[in-house]
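Taken straight from Swiss-Prot:
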ACT_SITE  129  active site, acyl-thioester intermediate
BINDING   11, 12, 13, 14, 160, 161, 162, 163, 164, 165, 166, 167, 168, 287  NAD(+) binding site
């Protein structure tokens with residue numbers, strides 16, 4: 001199958017890890033350029049060493065590169081503010097976009113839940129690291145029961161939280177909570193992120209609580225385990241920390257939730273950990289690794305969809 005040429009905008013930790021993942025192999029994408037703004041960037045140096053064309057002149061430099069005309073899709077690993085400007089330029093030139101920032105111009109995308117298969121969409125958003133790790137589980141429960149409320153807690157090492165994450169905690173929680181509802185299928189979603197200062201650094205840990213209608217527990221468990229297997233196909237370090245737990249609440253003992261009210265039904269608790277692949281980032285940076293792995297998977301799906309549309 002023919003491959004679509006792609007560019008990575010942003011040569012920091014996220015962009016560099018994504019570069020390594022793409023260079024390790026893709027059936028759909030061929031890395032044609034890495035873009036940064038710092039001529040001394042380690043990411044740009046690593047790209048050059050591996051034979052990938054680079055520019056340190058940002059989006060303007062990319063547009064001037066001879067490879068630009070053949071690039072069909074770009075991964076943006078910069079900032080929400082920068083992404084809006086990048087998208088305007090690339091949309092004008094008919095390029096597809098995978099947005100790893102909180103800009104959320106395009107629809108939220110979680111590869112095992114809503115892969116990018118709509119040929120009318122050209123810009124997709126990868127939500128947040130917490131969303132990529134937890135929304136598949138909310139969706140798994142939603143597949144077998146109506147989920148009234150879902151709450152996730154993402155705990156990540158302080159070392160793996162860069163300045164962008166620290167400056168946008170509120171945006172992280174809002175974006176993740178919204179995607180818990182729109183992609184995960186919960187009527188109401190809530191998200192919490194914890195920056196863990198422990199040394200040595202701990203790998204990413206996630207807790208997911210769902211409150212759903214009463215349903216057979218085996219159906220929920222089977223759906224959750226099947227979803228975990230799907231995520232593991234592109235994030236091998238994604239795993240269940242302990243058995244899925246259940247608790248039933250009847251009319252004689254309803255659960256009281258601040259801001260929600262009383263709940264009767266099934267509470268499902270899922271505890272996960274995410275270990276990074278160590279491609280460029282440390283193994284404890286599972287929160288960053290799941291973002292780059294998901295972006296690669298979603299980008300491949302988006303590229304394949306548009307190539308099939310063009311060939312039709």
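Sequential numbering from 1, following the chain as shown.
The backbone N, Cα and C atoms fix where each Cβ goes, and this holds for glycine too.
Feature annotations (Swiss-Prot) mapped to structure.
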residue: 11; record: NAD(+) binding site; Cβ contacts under 8 Å, 6 or more apart: 34, 35, 36, 38, 41, 42, 43, 44, 47, 54
residue: 13; record: NAD(+) binding site; Cβ contacts under 8 Å, 6 or more apart: 43, 162, 280, 281, 285, 288
residue: 129; record: active site, acyl-thioester intermediate; Cβ contacts under 8 Å, 6 or more apart: 154, 156, 204, 287, 288, 290, 291
residue: 160; record: NAD(+) binding site; Cβ contacts under 8 Å, 6 or more apart: 201, 204, 281, 282, 284, 285, 286, 287, 288
residue: 166; record: NAD(+) binding site; Cβ contacts under 8 Å, 6 or more apart: 195
residue: 168; record: NAD(+) binding site; Cβ contacts under 8 Å, 6 or more apart: 80, 102
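Counted within 10 Å of its Cβ, the other Cβ atoms near residue 162 (NAD(+) binding site) come to 12, all protein chains included.
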